[in-house]
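Undergrad: Below you'll find the structure I mean.
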Amino acid sequence: MTILIEQPVLLESQVEGKNVHAVETNELVLDGGFQVPKNESKDGFKPPEINSFGQTFRDYEAESERQKGVEEFYRVQHINQTHDFVKRMREKYGKLDKAEMSIWECCELLNEVVDDSDPDLDEPQIQHLLQSAEAIRKDYPDEDWLHLTALIHDLGKILILPAFGELPQWAVVGDTFPVGCAFDKSNIHHKYFKDNPDYKCSAYSTKTGIYTEGCGLDNVAMSWGHDDYMYMVAKENGTTLPSAGLFIIRYHSFYPLHKEGAYTHLMNEEDFENLKWLNVFNKYDLYSKSKVLVDVEKVKPYYISLIEKYFPSKLKW
């Protein structure tokens, strides 16, 4: 692996991480290591009712030290994610001049990353990737592109690491949303957008903003983070994943769309087709977060074979 090191990007705000210990529970697990919900059926994966902290998933109101940190994260994110900031980040990271390495080498780098915006998980990200991929593999054994998409969907979180700019977490993780148009009220902690410079900009304050209805999400600038970065890496390195795979990578954190149904006026026909697969994926991305770890070495050969099928041996990052 070749990594080119430069000075970190200096940004105005940075969220401090918190070390919070998870509550240990006795869980009934499947062979793959996932919690069995009370309504488990033979028809496939059913989401559990609580996360690994004993709370409901994506519960941003529950009182806990981690939840307070999550809200502070979104306050800073909503203030700083402007159209101009996104434009600068896409230009900077679109050069793909930070490193040359394989997909699996990047997976291993994620052992150093914990996502401060996630109220459901405090395990290293490599475990979340494998938990999602293995759960999908169990229920959709013939869709190998979907297994690989699950494995790589969060690889862009390497932006947190020093060699990739050491961006603050608000510029890497968290829910994503379009910039260049009005911030829909379905965005979590919407109240903090009032301090975003774009909030009072007339060009960005309407429902469509600088876009047109049905323009297609490919033509919409999204808040900058790991999703858009990994999408660029995959696309520019010539992946043969289907368009649905790339759609999942870029929009899997776009919860205002796939959870609340917002921003659909910007979608085109292909987006609506790909959204069907994103909705399938999202169930596994959100609910397969478990305190039971996957045996990495056991499953590695299978995922290496998929990487070789859909990606070049080395990628520019």
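Quick reminder: no glycine exception, Cβ is built from N, Cα and C everywhere.
For Arg58, Asp115, Asp116, Ser117, Lys157, Gly174, Asp175, His252, Ser253, the entry in TrEMBL reads substrate binding site. The Fe cation binding site annotation in TrEMBL covers His128, His153, Asp154, His226, His252, Asp285.
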Undergrad: Please report the number of other Cβ atoms within 10 Å of the Cβ of Asp285 (Fe cation binding site).
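TA: Asp285 (Fe cation binding site) is surrounded by 23 other Cβ atoms within 10 Å.
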Undergrad: Expressed to the nearest Å, what is the distance separating His226 (Fe cation binding site) and Lys157 (substrate binding site) at their Cα atoms?
TA: 5
Undergrad: Calculate the distance in Å between the alpha carbons (Cα) of Asp285 (Fe cation binding site) and Ser253 (substrate binding site), and round it to a whole number.
TA: 10
Undergrad: Given the recorded Fe cation site (His128, His153, Asp154, His226, His252, Asp285), which additional residues of the same chain have their Cβ within 8 Å of the Cβ centre, ordered by sequence?
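TA: Here the non-site neighbours turn out to be Leu129, Ser132, Ala150, Lys157, Asp227, Ser253.
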Undergrad: Restricting to the chain of Ser253 (substrate binding site) and a gap of 6 or more, list residues whose Cβ falls under 8 Å of its Cβ, or answer none.
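TA: Non-local contacts for Ser253 (substrate binding site): Val173, Gly174, Asp175, Thr176, Gly225, His226, Asp227.
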Undergrad: So what sits near Asp154 (Fe cation binding site) in its own chain, CB-to-CB under 8 Å and at least six residues off in sequence?
TA: Leu110, Gln125, His128, Leu129, His226, Met230
Undergrad: Work out how many Å separate Lys157 (substrate binding site) and His252 (Fe cation binding site) at their Cα atoms, rounded off.
TA: 13
Undergrad: Using all protein chains in view, find how many other C-beta atoms are within 10 Å of the C-beta of His153 (Fe cation binding site).
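TA: The answer is 26 other Cβ atoms.
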Undergrad: For His252 (Fe cation binding site), what residues in its own chain, 6 or more apart in sequence, show a Cβ-Cβ distance under 8 Å?
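TA: In sequence order, the residues whose Cβ lies under 8 Å from that of His252 (Fe cation binding site) (at least 6 apart) are His153, Asp227, Leu278, Phe281, Asn282, Asp285.
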Undergrad: Let's check the environment of His226 (Fe cation binding site): how many other CB atoms sit within 10 Å of its CB?
TA: 27
